[in-house]
Amino acid sequence: MRGPMGAVIGRYPPSDGSAQMGSIIRHNRKCRDLVFLVIFIAFWVAMIVNSSFGFNQGNPLRLTYGLDYKGNVCGDKHAKPDLRELELKYWLNPNQVYLSGLKDNQFKLANARSICLMDCPTPSEDSLSWVCDYPDGDIRLKMGDWIDRNYDYYEFLTPEMRNTSLQLQGPCYPVIFPSVNVYWTCQFIARPSNVSLRHWQQMGGVNINEDIIIDKSIHKAINSRASVFKRYMADIGKAWPVLIVCGGILPLFLSVIWLLLIRHFVAAMPWITVGLLNILMIAVTMFYYLKAGWIGNDGISPIIGDHDPYIHITGRELHHLRVVAVIMTFIMVVAVLTSIAIVRRILMATSVLKVAAKVIGEAQALMIFPVIPYIILAIFYMFWFSAAFHLLSSGQVVQNDCNLNCCAYDLVSKRVNCDHCCGYSIHYTPHIGVSILFHLFGGYWATQFFIACSSTVIAGSVASYYWARGETSPEIPFLPVFASMRRLARYNLGSVALGSLIVSFVESIRFMLESIRRRIKVGGTTPNNWFGKAVYHTSRFCLMCIEWTIRSVNRNAYIMIAITGKSFCNASAIATDLILSNILRIGRVNVIGDVILFLGKLCVSLSTALFAFLMLDTHKYKSAHNKITSPLFPVLVCWGLGYVVATLFFAVVEMSIDTIILSFCQDSEEHQGTAQYAPPLLIETLNDQNEMQRLTQGPQSNSVDV
């Protein structure tokens, strides 16, 4: 049995007389779970080393732009030649593009000769246009002059060069097919210009294939999974102003407003939260429908800039948006039905929120404290996202290994060169994948750690308020928040590191199992019989329940760590024992309060998602090199960041409720069922006979006395 804890969190001296009087939370504390603190510090050192590798080897431009035949990244000002304004990848030889689309041909599009241009060439209406290789050797043109001439210096070629050009071996190549800018790649349209083709044939040029394959070959490469994933990551980098405003500043402002409203208008806030959630859910869902092209004409387009209105090109991004729109529709319906279901319980949540509002009003430093972990997390996320972009682009640019006939004229050696003419690709070694997974896990663990630290500090502050009988006792520290921060930094960082590690580890296991489940589903090996399907889906549900339980246990463990100074495992055991002993007293009240707070977090995060949609809908993110290929990932990231920020600030209310309820249960247990330190409002809420009857038997009518 657990002995009385009055010596720890109350006013009663322990049996050994070791307590030091003069403070509310009096306990001979010592550092706990030091091993895990050392592991956390070592992990941070490894994170810095891992990120340094990314900063040294990565180039975020690779996530957006392609490579030319020399291995340069289009748009890279450090390339040779300077490509700072040449962002579009263009394939010079249309026959090579055609060969890469044939199923039985070994020629790959990555080996086709490509250069970087400022805009996609189009055939001339009355003559034959040319696109020539980068000027070099005897072609003494500067890059600026080459661009001004629309990449054409055919008139300067020697007879030998003109002959090789007619053989599609360069250095100049005819513009036969129109092309459009599709995600910074010139997509050929299999609709050759009759005028250009006739001029080409009259000059004695080799046969050029006109099949639709030339269109599909590039389209397939642009819409590969790897290309789409890179574009999504690049979208996040391009939308960094949106992330700062909608993922950082806006949720900070909305969370503070919510706390102020809960402080002064606590009775109305549950109703406002539920109503606002439904409105925001519908609005965000409608935006997904708009961008998916199901409502109006504002669906996303893969084509950048002006183009022929008869040209219609779709990409995977549009399909993904439509899938998310369907999912959001389902979530919206569930949210509306849930809101209707909890209407009768909202008054119960109001009575508990009043207690938290009372605590916030008395310990006003709690309103300001979340700004500290918010600033720390903001700095961490700026570093983390930057390192993530560099790690994702840290593959090595290597020349492909091919034994194909891809000869081309070399302006420097003044001859047709058939050696080393294969293209370049970005090669990702297995250790890069491990580095990325390590970085993702580190980001999640660090987030959980900072949230846990914030929760523990809040719990220690509220416990000081409770066990000093609120404002009536002179023993409350002048700044209970800073006193709680000092105790955390001195004694409990190891315990917090352990708790956050457990959550991160379980979440990682769930993510890996979910990935395996998707691969099994794609592979068609999902169980077909009813028993197999039942086990298949039950395992998912059980894993989600385990994750939720661990999060709940961790939160209560942080409260007991702040109060008792014990290790994480001992604090978890004490908190679990208290909860199980008082499950009827606190169960419904705590659950409904948590539901309202969760809905409040969703309101803040949905608001950030809605404003992210509005910001991304401006001209800045619809054109030129700042174009966002899809609003999906930036909006989801803003949604996630908004939820994290809301969690930091809503923890003030959440931890206040949980800490006071646990303290009340312990207080009642130590004093034969009558709490001695509870504030009057808490006693009225939890100890009133009508309230107890309502908690244990359920509401008998629609009217509730608070």
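Using N, Cα and C of the backbone, Cβ positions are placed for all residues, glycine too.
Positions annotated as transmembrane segment by TrEMBL: 34-55, 239-262, 268-290, 323-343, 363-384, 449-468, 595-616, 628-653.
Beyond the transmembrane segment (268-290), the same-chain residues lying 6 or more positions past its ends with a Cβ under 8 Å from any Cβ of the stretch are 258, 261-262, 296, 298-299, 321, 324-325, 328-329, 331-332, 335-336, 339, 342-343, 346, 349-350, 353, 596, 599-600, 602-603, 606-607, 609-610, 613. Ranked by number of Cβ pairs under 8 Å to the transmembrane segment (628-653), the listed stretches 34-55, 323-343, 363-384, 449-468 are led by 363-384. For the transmembrane segment (323-343), same-chain residues at least 6 beyond its ends with a Cβ under 8 Å from one of its own Cβ atoms are 274, 277-278, 281-282, 284-285, 288-289, 292, 294, 592, 595, 632.
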